[in-house]
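Q: So that we are looking at the same thing, I have put the structure below in structure tokens.
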Amino acid sequence: MSSLAEMLPALLVAVPILLAAVPIVLGLRFERTGWSVAALTTTALTAATVYLAAAVYETGRVVHVLGGWGETADRPQGVGIELVADEFSVLIALLVTVTAAGVLAYTRVGGPRGNTFYTGYLLLIGGLLGLSLTGDVFNMFVFLEIVGLATYAMIAAGDGPESAVAALKYLILGTMGASLYLIGVGFLFMATGALNMDVLGEAIPLVAEEGGSDLTLLRAAFAFIFIGFALKVAQWPLHTWQPDAYQHAPDGVTPVIAALVSTVSAYALGRIMYNVFGPEFLTATPYLTEIVVTVGCVSVLAGSTLAVIQRDVKRMFAYSSVAQFGLIVAAYGLVTQTAFVGAVIHLIGHGVIKAGLFVAAGVVALGYGARTVDGYAGLAEHRPYTAGSIAILLIALIGIPPSAGFIGKWYVAVGAVEAEVWPVAVVIFLSTMLTLAYSARLLEKMYFTPAIPVESPHSPGPVAADGGTDTGADDHDGATALGRDSFRRGSPDAVSIGMLGILVVIAVAAVLLGFAGGAFFEWLEPFTSEVFTE
Amino acid sequence: MTEVADPRPLAAVLVSALAMCLIIASYRYPNVRESWSVVAALAKFGIILSMLPGVMDGTVYEWSLADSLGVEFLAGIDFVLRADPLGLLFALLASFLWIFTSFYAAGYMRGLDEHAQTRFFASFAASLSTAIGIAFAGNLVTIFIFYELLSLVTYPLVAHNEDNEARIAGRKYLAYTFFGGGVFLLAGTVLVYWLTSSADPAGEAHLAFESGGIGMLAEAAQADPVFAQAAFYLLIAGFGVKAAVMPLHSWLADAMVAPTPVSGLLHAVAVVKSGAFGVARVILDVFGPGLIYDLPLSVPGVGEVGLNIPLAILAAFTLTAASIIALRKDHLKRRLAFSTTAQLSYIVLGLSMLHPLAILGALFHIPAHAFGKLTLFFCAGAVHVETHTDYVSEMAGIGKRMPLTMSAFAIGAAGMAGMPLIAGFVSKFYMLIGSGSVGGGYWLFATALIVSGILNIAYLWPVVYTAFFESEDRHDAKPLLEFPPGGKRESYFEDDAAVATDGGDRSDEKPESGQPQPADERDDETEAKGAGTPETVNDEDEPEYAVDKYPSDHTVPEDAETHDDHAEDHHDHGDHHHGGPPAGGWERHSPFTESTWLMIFPISVIATGAVTLGVIPDYAVFLDLAMYIVEGVFGVDSFNELHDLSLEEAMEVIDR
Amino acid sequence: MIEGTLDVLTTRYAYALMFVLMGIGIYMIIANENLVKKLIGVNLFQTAIFLFFVAVAYVEGGNAPIVPSDGSDPGLMASPLPHVIVLTAIVVGIALTAVGLALIVRIYAEYGTLREDTLREVRADE
């Protein structure tokens, strides 16, 4: 093990946070340095994460103890804060760095611009990496809040005042979530006297075996932590902040938030559930798995249903996220190895797909002037590459093989059947149809609804009846500047090659990941077998 | 049986996927674009044909992702394409028919000057690619992948017209097929995965098809019969959606809004047959007749019945009911669609009777029906392109205008009805013998087969009759179509005049180049008044019109829309009459001038094929292949060993 | 029953107070229409958690970490770890309040109101 690999976890967290100050400092002298700094940093971070992943692949988990407070003969483990890079966390860290670097291709031209934005961006990346790598439950709270702060600020960077309202809503609810998590940590600390995940993981089975009031504390701790994360991951009925936040955030910010923030929170939930509490505690506690699974399943159903009735495309995708994370939470609740692998794969797959979809929403808003589902009519004809990418991503989201969406769903489904939890299995199988319901709506608009309705004599009727909306909706949507030249709407020139390029790359990645089902399983094997054979 | 690693199954799948890319790339040059279709079709057929001798000698060509690239698709599951006899039967059929369909499609699309032709041809090529993928899929997950992709790439073809009717049909199509694939089939596959991996001592899943059934599944089924039965019905339901088994059939008739080559090759051959083929895979290669027979289902009040019986009853019901519905369809393509529903259930019924002869008949019915039905659809399409006539009631005397087309139609119709000397006879013959050999309660299925055969004549013969033996101005009434259910007291000669002037009348009323608005209004008015209250003699045709266009599952607004589109269609294409004969009656054409060679040539080839299969089935390769498959399933060396066995004896053979 | 309650109130009053504070905080967040007061509610909620951690920190017969023990029994001692946690959490809380207030200033500048119901009406009109 090279010493570099051991240093990397700390560097991955510290470097972006420190460099976050650079755009502001440079901004005093130069106008637009933010993007370059961010691009350099994220590229370096990506390279570092790949290196770390290679090290993990070769030698297993890499642990960095901050400040040299590692375990010694007279000092037990858990005094210093640990940063842990194992198969699970490195996978998420890779998703974070790669997505962060990729989305920059959009923001360069698509904005938001300004050095302060990139300060927030780097802060967010640092927080996310910290959240994925940390091995300490209190440290996790700090990173949760760093991520939250950066996210609130970036959402508020939107043009309209709406974004400030959305950000405040998110701030209040997000803080509540993090605070509830902190209470849970407090209970854990009361019960065990430890904060380190490894130490907790060893202590909790002992406490659980002993029973008594400490066990009650543990159960309360789990309840608080779960509800805290349910807020952060936007599970029904605690999802209300998410659609507003996603819709009103600047187009360049949504992909990062949608792909990473909830994803990493969901990762943290998985980490706490499986590394700290452990499968034994989860299955031994009465009603625990049932509740987790119910929350997930209800979110799948409610999220999809709400997505179908949305008019705004970004809002629709936001509700779709509620549903997809419901699938992940339900998979966590199944407590089988296969379902857990499925949840992890779906985390990654959904992150990639949603990043792509939100980048596409930005590209369409910029280059086609459309933000509503109805406004997407005729997109295929006038913007074939964008429409094609959206179509592929939607298909991947539905879970049609070979795609990232399918392999996740496959493992979750197998896990549900293995656990013989039939209601969950039914919901998972039906989730295809639910996702199809809103995806097909957009597909049909893009490909089979002409953009120029005046050509056809009875267009207003069919168009309105079809989408289930009145045509009045179209009026404040540049999309339907009814007229022969309506296909010239938006500003196609504003869409740079980089933006289209990243969109196509993400779409291709979503398909190629569909062939990695076996690879993911093998990669996670050391982690899962350790967790599940304890 | 020897297995050989060979990239040809993959090549057969990819060749049309490559063609799809080339088609999209050359969208500016229609001639180049269509020639890619033809080249790909020939190449595909060539590749598949090259595997035929080897497969007949007992070789199985296999390409697997794990062996060739080292990529594991899912943990414990490989992505495998293998050319075994059953897969080859379907692949050979689909690729052979694609050659002629690609000519025909070019003729059809150009004849109508359709929009979005690049998308059409690209999706068409992609459909063929996935259909061959289904044929060669080596395990349940691989077949699931292609099954889903097939639903996806045929969706643009169904919604091709981009009008409301097409969009609604497209939605229905997506909903049905993804419910079948994404829900039922996936659930069944996962169940089989779970059952086999928990039965296997090493914990490995067995999803690969094995002739005669997956061995590990049989073991698992002994331990967990309920889940095995659930898996069986889930898989059958998944494939049954595309095979249009009632009650999952209603997408098929609606999908007929697609251009005719699509209705022909995809919705009579590739797509729907992929459903029937999937059922064959499940019965023969996943569960195997032996296991299905040994896994009784206890029904309260009846006792234990075989797992296959409910399916057979459903299929028998479908083939009778669909034939009866077809009687009342005036729209020719819809009538053919219900005929397809019925004929597909023949295949399902034959397979689910489990007797070797019935299975042989069912397997041979796959090509037999394909040739016959494709002929019928091609003819319907040719009539549409040349005369814009879609309704049987408007076709009186059309034999003069399109002699060759309607003759081919007659051949196809005879094949559907199972007349000797045409392909359909051979398959139905074997199925009848099969159900007879089983005896017992199976006489019910034999009766259904015969009744449906008669019904086939009843709904297809009138088309031939009206085309050749009636004339535009004088023809019999069609009581089933024109009269309200339960009969009508009036004499029908009065109506007759109205029917005859049908087309001419309407085109007189609205100026050809003007807005179709007046016509629309008129239609809506009539629609609003309802079908039963005709006002004037002129409107006499309206109710009749409305009745025959009311399929049971349609709502009024949709039908209004159909009307409009129908009317508008002809405006768009600059055609100057509205279906039916032109003012002066049908022009007389010789067989060589009735249409373009792009359409006549495929029609004649396919019709000839149907006759060839009927006259010399032993020399046409399909029957041999089907026999070879059955031999493999029952594990015997020669089909003759199976000839005189009862079902019990046959099952003993399989258990040996 | 009453005795038990009294017992909790006299010996565990910090925990009781924590839940009271938390309840007040949540109530303010949910029921108060004024955005600033909502934020104060969030702060109150967090303060309750700080109190909780400080209350947890008293350990009977513990030893100070890091510094080697001299062997004598320190009796009731305060573990420094929860205090450190609370310090960190307070810093985080201040940062959150600052961002929240900044957002509220922006909202006030745009809509001219701090009340959520008015805000909802204004936004609905737009």
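Using the three backbone atoms N, Cα and C, a Cβ is placed for every residue, glycine included.
Per TrEMBL, compositional bias 'Basic and acidic residues' is recorded for B:503-512, B:546-557, B:563-578. What TrEMBL lists as domain 'NADH:quinone oxidoreductase/Mrp antiporter transmembrane' is B:137-448. The feature region 'Disordered' is assigned by TrEMBL to B:499-589. Annotation source TrEMBL lists transmembrane segment at B:12-29, B:36-56, B:88-108, B:144-161, B:173-195, B:226-245, B:265-287, B:307-326, B:346-364, B:408-430, B:442-468, B:597-616 (among others).
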Q: Between the transmembrane segment (B:597-616) and the transmembrane segment (B:408-430), are there three or more C-beta pairs closer than 8 Å, counting only pairs 6 or more apart along the chain?
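A: In contact, yes.
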Q: Report, as numbers and ranges, which residues of the same chain sit near the transmembrane segment (B:307-326): CB under 8 Å and 6 or more residues beyond its ends.
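A: Same-chain residues near the transmembrane segment (B:307-326) but 6 or more away: 229, 232, 236, 244-246, 249, 283, 287, 292-293, 295-297, 335, 338-339, 341-343, 345-346, 348-349, 352-354, 444-445, 448-449, 451-452, 455-456, 458-459, 552.
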Q: With a Cβ cut-off under 8 Å, give me the same-chain residues at least six positions beyond the ends of the transmembrane segment (B:226-245) that come close to it.
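A: For the transmembrane segment (B:226-245), the nonlocal Cβ contacts are 140, 147, 151, 176-177, 179-181, 183-189, 191-192, 194-195, 217, 220, 251-252, 271-272, 274-279, 281-282, 286-287, 291-292, 295, 297, 307, 311, 314-315, 318, 340-341, 344-345, 347-348.
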Q: Applying the under-8 angstroms CB criterion, which one of B:12-29, B:36-56, B:173-195, B:346-364, B:442-468 scores highest with the transmembrane segment (B:144-161)?
A: B:173-195
Q: Mark yes when the transmembrane segment (B:36-56) and the transmembrane segment (B:442-468) have three or more Cβ pairs under 8 Å (sequence separation 6 or more) and no when they do not.
A: no
Q: Quickly jot the same-chain residues contacting the transmembrane segment (B:12-29) by Cβ under 8 Å, restricted to those at least six beyond its ends, or write none.
A: 36-37, 39-41, 43-44, 47-48, 81, 83, 91, 95, 118, 121-123, 125-126, 128-130, 132-133, 136
Q: Six or more residues out from either end of the transmembrane segment (B:346-364), which same-chain residues have a Cβ under 8 Å from its Cβ atoms?
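A: Distant Cβ neighbours of the transmembrane segment (B:346-364) are 86, 89, 240, 243, 245, 276, 279-280, 283-284, 289, 292-293, 306, 308-309, 311-312, 314-316, 318-319, 426-435, 437-438, 442, 445, 448-449, 452, 617, 622-623, 626-627, 629-630, 633-634, 639, 642-643, 645, 647, 650-651.
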